[in-house]
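Before we start, here is the structure in question, set down as structure tokens.
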Amino acid sequence: MYGIEYTTILTILISIILLNYILKTITNTMDYIIFRFLLLIALISPFVRTQNYGMYLPITGSLDAVYTNSTSGESFLTSTLCLYYPAEAKNEISDDEWENTLSQLFLTKGWPTGSVYFKDYNDITTFSMNPQLYCDYNVVLMRYDNTSELDVSELADLILNEWLCNPMDISLYYYQQNSESNKWISMGTDCTVKVCPLNTQTLGIGCKITDVDTFEIVASSEKLVITDVVNGVNHKINISISTCTIRNCNKLGPRENVAIIQVGGPNALDITADPTTVPQVQRIMRVNWKKWWQVFYTVVDYINQIIQVMSKRSRSLDTAAFYYRI
């Protein structure tokens, strides 16, 4: 009987020792495999060109001051490029083969025929409201107009950033903005926006909530208005409802696969809303030519430098200007 018990104990001890040996062997083997795998990654990583969606590299100047003309850029064999331009450019060029000519020129910069798309727009305001930016990289040509510089900067803000917007019922509710990224965006054929700030007793500050004529006018007869008021303060809002809509919007972040080339003007547009910071030009460049052929030639010359400060694709394939949430 004692012999059987000793045999059982001995068998258990041998099993434990054998199991321990097997586990150590497996551990050593896995360590060896993982070490070799990490070493392989470390060795090949300098030679791999990948897209980093988390890195944002802003442009700090204009094309005519910063970038160097180059014909030896990356070969974008699997990427698409959309070039958006005002219809006046096509009318001025007046050449049925001009797009084919540009495609051949883009080919010299590494962009295969068929990878570059040309899309015109009639009105930059309408385009900005729903840009439909479907390509991997999207470059928007925007003509500078010194009579509407502030309007154009708002349009650039819409194009270069993604927004999450909710409908506003201004007839029933007061609204307040809670951060710098929170704005009220009004669109329509004729938008006149008036606001009345309220105190903690919901009484107007410098205005009467029952008298619209005492409200402060922040925009008058415009197609697009981005309204920025004092954060943390309730406001009574009045707009021309029949010709305008208003939405409470939050800026989600930059649309990394979009850049704007400003055609003309003394300086590149500044869309920085915070007056306490140094103005920042975010993927906005400037070309200083009068004729559209010259503009397109410049774009072809610098396209690979422009692409380097962008990220391929954005958060969604359908990168319309706004996300609506009911």
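Any Cβ shown, glycine's included, is placed from N, Cα and C.
The annotation Ca(2+) 1 binding site is assigned in Swiss-Prot to ASP95, GLY206, THR214, GLU216. Residues annotated as Ca(2+) 2 binding site in Swiss-Prot: GLN177, ASP228, VAL229, ASP301. Feature annotation from Swiss-Prot assigns disulfide bond to CYS82-CYS135, CYS165-CYS249, CYS191-CYS244, CYS196-CYS207; the stated evidence is sequence analysis. Summarising the annotation, Swiss-Prot assigns N-linked glycosylation site to ASN69, ASN146, ASN238 and lists sequence analysis as the type of evidence. Sequence annotations record features per position, and here Swiss-Prot assigns signal peptide to 1-50.
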Of all the recorded positions given, namely THR214, ASP228, VAL229, ASN238, CYS249, which is spatially nearest to CYS82 (disulfide bond) at the Cα level?
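Closest candidate to CYS82 (disulfide bond), judged by Cα separation, is CYS249.
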Highest Cβ count within 10 Å among the disulfide-bonded residues CYS244, CYS249: which residue is it?
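When each Cβ's neighbours within 10 Å are tallied, CYS249 leads.
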Within 10 Å of the Cβ of ASP228 (Ca(2+) 2 binding site), how many other Cβ atoms can you find? Include all protein chains, please.
12
Restricting to the recorded positions GLN177, CYS196, CYS207, which ones have a CA within 10 Å of the CA of THR214 (Ca(2+) 1 binding site)?
CYS196, CYS207
Find the one among the recorded positions CYS196, GLY206, GLU216, ASN238 whose C-alpha lies closest to that of CYS165 (disulfide bond).
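Checking each of CYS196, GLY206, GLU216, ASN238 against CYS165 (disulfide bond), the shortest Cα distance is to ASN238.
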Based on Cα distances to ASP301 (Ca(2+) 2 binding site), point out the closest of the recorded positions CYS135, CYS191, CYS207, GLU216, ASN238.
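It is CYS135, whose Cα lies nearest.
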Which state, by DSSP, holds GLY206 (Ca(2+) 1 binding site): helix, strand or coil?
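Assignment for GLY206 (Ca(2+) 1 binding site) reads coil.
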Take the C-alpha atoms of GLU216 (Ca(2+) 1 binding site) and CYS244 (disulfide bond) and report the distance between them in angstrom, rounded.
18
Return the member of CYS191, CYS196, CYS249 nearest to GLN177 (Ca(2+) 2 binding site) in space, with distance defined Cα to Cα and candidates limited to these disulfide-bonded residues.
CYS249
